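Here the structure comes first, spelled out in structure tokens, and everything after it is commentary.
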Amino acid sequence: PRVCVVGSGPAGFYTAQHILKHHGGARVDIYEKLPVPFGLVRFGVAPDHPEVKNVINTFTQTARSERCAYYGNVTVGRDITVAELRQAYHAVVLSYGAEDNRVLGIPGENLSGVYSARAFVGWYNGLPENRDLKPDLSCETALILGHGNVALDIARILLSPLHLLRKTDITDSSLAALACSKVKRVWLIGRRGPLQVAFTIKELREMINLPGARPVLNPADFTGLENALKDAPRPRKRLTELMIKTALEKPGKKTMEVQAAAVQAAAPREWGLKFQRSPQEVLPTADGRRARGIRMALTRLEGLGDSAKAVPTGDVEELECGLVLSSIGYRSLPLDPAVPFDTQRGVIPNSSGRVEGVPGLYCSGWVKRGPTGVIITTMNDSFDTAQSVLEDLQLGVLDVSTSREGFGAVESILHSQGVRPVSFSDWEKIDAAEVARGKAAGKPREKIVDPQEMLQLIGH
């Protein structure tokens, strides 16, 4: 059986890995629109979290298997259609993730100084489409809308001491911009309360312990939570207890020393969590061009726990800030008119990864279940889809008696379009060049951010 996987992030690689491991004869081809593989492991994971990127070693082993091939620089839906892939392969798995962001839908959202978290993360992580973002970091106060791990990542990158970032694979140009940044205060705003935050304890602890930055949490936000915590699951309990402890902590001896050091190194940086506020409008400067602040509706919660809804109380509040980062979630887009797509939920309608009404077509990862969860969630989800493919092969739902040409058929179509795919050994040349450039700068790698430069490097 010949299987094709569209997308080379965790979902694509874990799907391929599982099929190859549990079917001794299957061949899997992975297609990727960028020349370089690994999706959000390369472009989403924060530069100061190198340990999370260790999964790349497993993916590399999969890609080097003699029954697996990688074809980068191929955009499915443009260079080749899903229908053409379905003719060339016995099974096609769509694992292309969520390449857009949810919009706020409020006035002033398009003012300069307002960015999506997606674009900002892409900028400091070297995602080609965001390399020219040039965010304006000349203000003192930044505001992040959202209480997830991505919001904390951004706050941490904005406030981290430069010597910590210099040792990471953060891009050269974003490091230079952060070196000139005037941002010293970051507020993270959420529509709901402390019991509904989406970030995890590891990320919160890291933020609390960030050198040279002090947390500002209002004790009043946490009064009366002890009761609600009784029935909360253990991770939620521990997370909330850490916030309460941080809110109530009086600056002790250690913090006094840290503060004294920070005062010497100019004003200390600070960050804080604000709850039960829903953005209503980004307020413009007098010339109407830039963001100068944000007006928020104060909310009250109806319902309990994760299902609590934020309802506006009628009161509003304004906060001054020159930088607004919207971190309210990613969004999948339809890839090809031939593939069913639920625009409301932003997913491909499926059952256990089998695309509804299209036999032989499957999906895994964020485009299957929505843009939530960490790499391990995506791993389990991809194994589930891979299992569906294996079952359908076993039960004869997929007819393997007719041979399919696989990449042979695709290659001629790409050739006629003037598209030259990038192989995995091509990627390894790009990888080696990045690592060599990084070494010269004392970093694990210096990412190449221009696809043309990548292609030149491999002689395309």
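Glycine residues also receive a Cβ, built from the backbone N, Cα and C atoms like all the rest.
Annotated FAD binding site per TrEMBL: Ala11, Glu32, Leu40, Val76, Trp366, Gly373, Val374, Ile375, in sequence order.
Its own atom aside, the Cβ of Asn149 (NADP(+) binding site) has 19 Cβ atoms within 10 angstroms in the protein chains shown. Annotation comment: TrEMBL describes His147, Gly148, Asn149, Val150, Arg191, Arg192, Glu203, Gly373 as NADP(+) binding site.
Annotated domain 'FAD/NAD(P)-binding' per TrEMBL: 2-158, in sequence order. This prediction places the mean pLDDT of the domain 'FAD/NAD(P)-binding' (2-158) at 97.
Considering other CB atoms within 10 Å as the measure, the emptiest surroundings among the binding-site residues Gly148, Gly373 are those of Gly373. When each of the binding-site residues Ala11, Leu40, Val374 is scored by how many other Cβ atoms sit within 10 Å of its Cβ, Val374 comes out lowest.
Here Asn149 (NADP(+) binding site) is positioned 10 angstrom away from Val374 (FAD binding site), judged by their C-alpha atoms. Here His147 (NADP(+) binding site) is compared against the binding-site residues Ala11, Glu32, Leu40, Trp366, Gly373, and the shortest C-alpha distance is to Gly373. For Arg191 (NADP(+) binding site), the nearest of the binding-site residues Glu32, Val76, Trp366, Gly373, Ile375 in terms of C-alpha separation is Gly373. Of all Cβ atoms in the protein chains displayed, 23 besides its own lie within 10 Å of the Cβ of Val76 (FAD binding site).
By the criterion of other Cβ atoms within 10 Å of the residue's own Cβ, the least surrounded of the binding-site residues Glu32, Glu203 is Glu203.
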